[in-house]
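Enquirer: I'd like to ask you about the structure that follows.
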Ligand SMILES: C[S@@+](CC[C@H](N)C(=O)[O-])C[C@H]1O[C@@H](n2cnc3c(N)ncnc32)[C@H](O)[C@@H]1O
């Protein structure tokens, strides 16, 4: 497994960031053997299916220093861990309702020395605090997701897109978007990444 794919799309990453990304396969292989957070067949494709996919959000949004981002239903740390490596001056709060997944995230963040990441075992609905953005992947439909997070945003926006949700989704989303009743903006990851995996993948942005 090679990290070249990351440099191909993010040539600006520093040597320190590259070193952190390059620690991920070993860390996730180790932790996945104890607590399953990534499907076995996907672990060989960690960079493409998990790291690069998570960084699809970075193609849409450059988080600023000091901004706060909540990752809801982070599982083993996606998209929050790759984003925390990518934006070391932004504060990331990763939450999941399953404690052993948060254990993996905590251990991975510790091994990487990530100072800007906090991981909490909780349901999204129970999290207090205000954030600039909420990110997520593969947790639930937008209609259900939106009420969990809509009260958790700072009123003041300071980025190119106003504060809101950046959700990684794939497949045909017309029905899901329509049933949510939300106005969304769709960013297609195939415009940024050549690999077939990204053919139907999108970042859905919801302004709150
Ligand atoms: C399919 S996994 C996706 C994990 C990760 N986001 C990823 O893409 O690899 C969905 C995760 O959402 C978590 N989850 C579901 N409902 C939740 C809630 N209300 N609050 C926090 N976590 C939740 C589950 O525990 C599970 O770990």
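Keep in mind that glycine also has a Cβ here, set from the backbone N, Cα and C atoms.
Found this in TrEMBL, in case it helps:
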type	residues	note
BINDING	73, 78, 124, 125, 137	S-adenosyl-L-methionine binding site
Enquirer: Please find, for 73, 78, 124, 125, 137 as listed binding S-adenosyl-L-methionine, the greatest distance between any two Cα atoms, in Å.
Expert: 19
Enquirer: If you draw a 10 Å sphere around the Cβ of residue 78 (S-adenosyl-L-methionine binding site), how many other Cβ atoms fall inside it, taking every protein chain shown into account?
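Expert: Taking every protein chain into account, the count is 26.
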Enquirer: What is the total of other Cβ atoms whose distance to the Cβ of residue 124 (S-adenosyl-L-methionine binding site) is within 10 Å?
Expert: 21
